[in-house]
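**Student:** Sharing a structure with you now.
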Amino acid sequence: MFILDNILKQFIEVPNDLYEKTNQQIIEVDDYLALNSSTKLVVGYVETCVKHPNADTLSKTTVNIGSEVLDIVCGAPNVRSGQYVIVAQVGSVLPGNFEIKAAVVRGETSNGMICSLKELGFDEKHVPAQYKDGIYNFSQKVTPGEDALKALGLDGMKLLLGLTPNRGDLLSHLGFAYDLASMTNKKVHIPKPTFKEAAHKHDVQVVLDTNNCLTYDLRVMDVVIKESPWWLKNALIQSDIRPINNVVDITNYILITYGTPLHAFDANKVNSNTILVRQAHQGEEVVTLDEVSRVLEPSDIVITDGKKPIALGGVMGLLESGIDDHTTKIMLEAAQFNPSVIAKTSKRLDLRSDSSLRFERGIDQKRVRIGLEAATQLLVELADAKVYSGISSKTNVKEENPWVELSLENVNGLLGTKLNDNELHDILAQLNYETKIDNKTLLVQAPGYRKDILIEADVIEEVLRVYGYHHIEGKKLQPNLLGELSYSQKMNRALKQTLVGLGLNEVINYSLVSESDIESFAKVGESVSILMPLSDDRKILRQSLIPGLLKNLNYHLSRQMSHITLFEMGHVFAKDVEKNHLAVLINGNLLDSNYLKRDIKSDFYTLKGILEHIGVTLNVSFDVKQSSNVAALHPGIQGDVYVGDLLVGVIGKTHPLTDEAYDIKDAYVLELDLSQLITTKAPMIFESISKYPSIQRDISFVVSKDYPISDILGIIKQTARKLLTNIEVFDVYSGSNIEEGYHSLAISMTFNNKEKTLEKLDVEKALKSIQNRLEFNFKAVFRA
């Protein structure tokens, strides 16, 4: 965004240190440059112009520059006597470091040069047609000898702002003036319109049939299409906008000065007295002003004459209702649209405009009417506009910025300042913030043009800008501070080493996901959506890491890769919640059979083994209890993961519908909440190694699949008590000779007594108790 000091002066007193003030307190300045770098240019009056005696294409002129009359040989075909022109005197330096010297041209002395706009550095696309092949001459009378750059409006400076996405308020000179006023404690002056409406009232009605149009204002007027005056053209050229005609140029000028996007329709091409704003129909086709045919979707906004579209709302007008040289009556529109809808349409159609950019960033609702009236004033002055009485106006939503709690203690705590209540309130007043006290709490509300002030930290940053970064006292770093990894950092690193050691590969996925990615998985709270997403696939902060891993699996499977084993450690988010999670996905074989000479198939029990390794690393004992809480997982092959009574995660196989949605198969996933697992350092418990021998026994029995294996193991541990030092399920079988709905479990148990040599009788007694409990609790049938 270019800020021209000549335009800025309309709204505020411009300080001499504008560049420094902007760079230090408003926003980074990418460039600060003169509107034109030429030197020693003056206005000249062509007193005589005759044909050069020795050249057919040259003219010999005498030019009065106030202090003297110069003889100048000119090659422009449009030079005439009686013209006021731009003269580069001997010693002048033009853009490109081109110095003007006295010369003899075909035998005639030439003491200077009459300049064209191209020679002043103007791009050819910005040069008016009548001056493309010749010199520029002033259309009005000017004083010979006057500074030509000043006469052209090129004597000022301009800033190129390095805008960030949150500072949409700086996309206009008025918005910049408001911020400059806050930093300099000056007042902003907005010129008041003085035009008079005609007695005749127009009969155009506005109907809003969509909530995505917040407000819509419309004026109707008769106009005369003609060329814009130089000052208007130059203002647009300096902002890299091509002048077209007075009406279009005025709408563009209001855009850069007031930040109000406007659009003018040729009223004689609109076949109705009703302007209807609605969502587009699926497949509706339009031709925009750039003469490109575009197919619309229901998410797009269109301005219609009640039947067919006449503009693509917030983005661009349509060719059939556009202004041309024969236009005599216009409808002038000023509106406010939903920023995210405009951003989506603009991106999908690959159609960017200066108006869509401002709509995407959000415009001040009050600025809609202000910009419309300022444009009407200029149309009266430059297009001989006859303004019909009345404004057709409709508003869906009365927009207000949120009230934000602000604590003086937090301000001083974060900034390291010592502001008191009065100083804080003075700064807030400079920023045009509204304030009020509610139950002894200070609430502040940013002005309508600051859409980015939403939380306390935003307000504190604004306070700091006014206070001045340079006023913050610097403090030296304390040399005695030693760097060390925190316990959670150490555990995170240890977990990664454990999982990599098991053959898994780490991935890092985007934190933004689609709505469908969070619908079926466990949630940590209320979803958080960003205001202006780049796409529907990247609009909501993730609440689970599993969807990202499923997409990774799909990516690899679609490229004929197999045996995918992945893990990710990252944050998940909800409103006022941010947690650190770990997710694991296995598919195919855990390890390549070429290495172990046998396959380790990825299944539920393999994943449970990985979970046990994680538990060893974190020094916790996990317990898996069967559940069916997560819709995206198979209801019969999933479980909740507990540490004691604390639910810390989920484990299971993906549901067939999930497999279909992500185009995958046979995925086993695990997700743990590390925020609950890694809180404080778990005590390391040491035990002496038993000096007495252990006894190992295996049991095998048939039991119904309705009983979770974890419950069976729990009963065994409870019965054997201290004698049982280790228990493992080493085989699960179902098939021939096993009744349907049942399976055979083979369990290995290790017994030991640290105080004495264990007798076989003690073990047999324990085994008998275990058998009795399993037969009674689970109707287990032991195999010989």
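Glycine residues also receive a Cβ, built from the backbone N, Cα and C atoms like all the rest.
Note: TrEMBL annotation is automatic and uncurated.
Remember, it's a predicted structure, so these values are computed and weren't measured experimentally.
Among the features that TrEMBL reports, Mg(2+) binding site is placed at ASP452, ASP458, GLU461, GLU462. Taken from TrEMBL, the feature domain 'TRNA-binding' covers 35-149. Per TrEMBL, domain 'B5' is recorded for 399-474. The domain 'FDX-ACB' annotation in TrEMBL covers 690-783.
So that I understand the layout, could you describe where these features sit and how close they are to other parts?
**Tutor:** In this view, GLU462 (Mg(2+) binding site) is surrounded by 22 other Cβ atoms within 10 Å of its Cβ, with every protein chain counted.
Taking DSSP states H, G and I as helix and E and B as strand, the domain 'TRNA-binding' (35-149) has 11 helix, 42 strand, 62 coil.
Confidence for the domain 'FDX-ACB' (690-783), expressed as mean pLDDT, is 91.
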**Student:** Count the Cβ atoms, other than its own, that fall within 10 Å of the Cβ of ASP452 (Mg(2+) binding site), considering every protein chain shown.
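**Tutor:** Within a 10 Å radius of the Cβ of ASP452 (Mg(2+) binding site) lie 18 other Cβ atoms.
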**Student:** Enumerate same-chain residues with a sequence separation of six or more from ASP458 (Mg(2+) binding site) and a Cβ-Cβ distance below 8 A; give 'none' if the list is empty.
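**Tutor:** The list for ASP458 (Mg(2+) binding site) reads VAL404, ALA446, ASP452, given in order along the sequence.
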**Student:** 10 Å Cβ neighbour count around GLU461 (Mg(2+) binding site)?
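**Tutor:** Taking all protein chains shown, GLU461 (Mg(2+) binding site) has 13 Cβ neighbours within 10 Å.
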